[in-house]
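Taking it in order: structure first as structure tokens, then the write-up.
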Amino acid sequence: MSPQTETKASVGFKAGVKEYKLTYYTPEYQTKDTDILAAFRVTPQPGVPPEEAGAAVAAESSTGTWTTVWTDGLTSLDRYKGRCYRIERVVGEKDQYIAYVAYPLDLFEEGSVTNMFTSIVGNVFGFKALRALRLEDLRIPPAYVKTFQGPPHGIQVERDKLNKYGRPLLGCTIKPKLGLSAKNYGRAVYECLRGGLDFTKDDENVNSQPFMRWRDRFLFCAEALFKAQTETGEIKGHYLNATAGTCEEMIKRAVFARELGVPIVMHDYLTGGFTANTTLAHYCRDNGLLLHIHRAMHAVIDRQKNHGIHFRVLAKALRMSGGDHIHSGTVVGKLEGERDITLGFVDLLRDDFVEQDRSRGIYFTQDWVSLPGVLPVASGGIHVWHMPALTEIFGDDSVLQFGGGTLGHPWGNAPGAVANRVALEACVKARNEGRDLAREGNEIIREACKWSPELAAACEVWKEIVFNFAAVDVLDK
């Protein structure tokens with residue numbers, strides 16, 4: 001026997017490969033209040049038992065690797081390993097299972113969404129034993145929530161800053177999204193804000209291109225919003241997109257926005273990354289700036305039902321990383337979004353405590369403790385005829401954002417803004433009087449048209465515009 005063999009035998013180390021389920025499938029495990037809990041939709045390869053697939057997810061996203069290693073003996077795997085503690089078959093789907101995994105809190109760096117995602121979804125999605133894998137939900141324990149700053153300000157502070165209460169906020173994305181000069185861009189901002197909108201917005205891919213450098217855009221937009229504020233007596237904002245190629249450049253743009261005295265900046269949090277987003281959120285908290293978040297690239301990650309990460313997880317991650325607004329779909333517009341699923345993650349964005357509710361896709365009860373809420377932003381293919389439904393679906397604590405539905409008005413940008421403001425005020429008034437927006441919505445809009453020619457013109461233009469496509473991501477039966 002060689003010295004090497006003698007050494008291995010003497011420490012009881014047995015090399016080789018063993019099934020994951022022998023170590024990481026623990027149906028007897030009782031979850032702890034401090035565990036991060038995950039619900040994965042697992043589609044195993046043919047011949048792979050669901051218990052082995054669920055255990056493989058737990059192993060590869062925590063302490064495991066493909067073979068036994070001698071350094072396992074230098075730590076306590078029982079303390080640090082992830083555990084697949086329950087598996088459910090998905091009704092109506094062949095070979096799909098929900099695998100529940102518990103992770104000890106010590107596996108994660110405090111205050112770092114980047115580290116949390118690197119661990120839980122960083123490597124396991126390419127695992128050959130799985131045909132497909134989707135992270136459906138996470139339960140973030142209060143002990144971990146308290147390590148995050150979260151949104152720079154939150155819903156109530158934003159309302160106080162803007163002095164706007166009792167209704168949804170109104171916004172507009174400036175179109176065309178690319179190609180305008182900074183001066184023409186600022187002109188559109190001014191006209192929309194003067195017409196009655198609360199916000200205008202840079203589109204997600206407006207950064208600092210040759211046709212419009214960021215500093216020029218910031219200057220003209222600031223001039224526009226201050227002029228609109230003076231004329232209307234209302235506080236206005238424009239989401240100045242600070243997203244950039246480096247964190248240093250991003251912060252430089254946010255600093256310039258603060259020096260101009262504007263109330264809000266913007267970030268593309270998925271393409272920009274969670275580290276950049278958290279950095280910007282901390283700057284905004286320290287310097288009194290609101291932070292609007294765009295979810296560009298989300299559908300690459302969340303749209304397919306059997307693979308990726310559900311948006312409710314990305315929404316939770318954003319609330320932890322930091323943002324005062326985030327785009328959340330519309331239910332009624334041009335973009336993907338089933339009603340019950342959308343309302344489920346809207347509640348996860350806004351509320352302090354959300355109960356488990358599988359009918360809305362919420363797998364775990366979530367307690368946000370004292371983390372501020374985030375305003376959901378309904379944007380994408382919406383117009384004045386959608387206003388009753390949007391007001392009823394999203395309620396007061398939301399931003400309703402009409403891009404083409406403002407700038408596409410036949411009389412111009414300011415009349416388009418007037419039409420949207422009149423429609424919103426009519427819907428809020430009707431709701432407060434006890435009328436049913438879902439049933440009487442069209443009638444409410446027609447009544448308002450009688451005293452608003454701008455709204456009447458908008459209603460005529462968009463009276464036949466609908467987006468009747470079934471959602472791809474729907475609830476399980």
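Even glycines carry a Cβ here, placed using N, Cα and C.
As annotated by Swiss-Prot, active site, proton acceptor applies to Lys175 (among others). According to its DSSP assignment, Lys175 (active site, proton acceptor) is coil.
The local packing around His294 (active site, proton acceptor), expressed as other Cβ atoms within 10 Å of its Cβ over all shown chains, amounts to 28. The active site, proton acceptor annotation in Swiss-Prot covers His294 (among others).
Within 10 Å of the C-beta of Arg295 (substrate binding site) we count 23 further C-beta atoms, all protein chains included. Taken from Swiss-Prot, the feature substrate binding site covers Asn123, Thr173, Lys177, Arg295, His327, Ser379.
Lys201 (Mg(2+) binding site) carries a strand DSSP state (E or B). Annotation source Swiss-Prot lists Mg(2+) binding site at Lys201, Asp203, Glu204.
Residues or ranges marked as N-acetylproline by Swiss-Prot: Pro3.
Annotation source Swiss-Prot lists N6,N6,N6-trimethyllysine at Lys14.
When Cβ atoms from all protein chains are considered, those within 10 Å of Lys201 (Mg(2+) binding site) total 29, not counting its own. Look at Swiss-Prot and you will find Lys201 tagged as N6-carboxylysine, backed by similarity to another entry.
Swiss-Prot lists Lys334 with the feature site 'Transition state stabilizer', giving similarity to another entry as the kind of evidence.
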Quiz item: When a 10 Å sphere is centred on the Cβ of His327 (substrate binding site), how many other Cβ atoms does it contain?
Solution: 21
Self-check item: Separation of alpha carbons, His294 (active site, proton acceptor) and His327 (substrate binding site) (Å)
Solution: 6
Practice problem: Could you list the residues of the same chain, at least six apart in sequence, whose Cβ is under 8 A from the Cβ of Thr173 (substrate binding site)? | Solution: Thr200, Lys201, Asp202, Asp203, Ser379, Gln401, Gly403
Quiz item: What Cα-Cα separation, expressed in whole Å, is found between Asn123 (substrate binding site) and Lys175 (active site, proton acceptor)?
Solution: 39
Quiz item: What residues, ordered by sequence, lie under 8 A Cβ-to-Cβ from Glu204 (Mg(2+) binding site) and sit at least six positions away in the same chain?
Solution: Asn241, Thr243, Asp268, Thr271, His294, Ala296
Quiz item: Going by DSSP, is Ser379 (substrate binding site) part of a helix, a strand, or coil?
Solution: strand
Quiz item: Within 10 angstroms of the C-beta of Ser379 (substrate binding site), what count of other C-beta atoms is obtained when all protein chains are considered?
Solution: 25
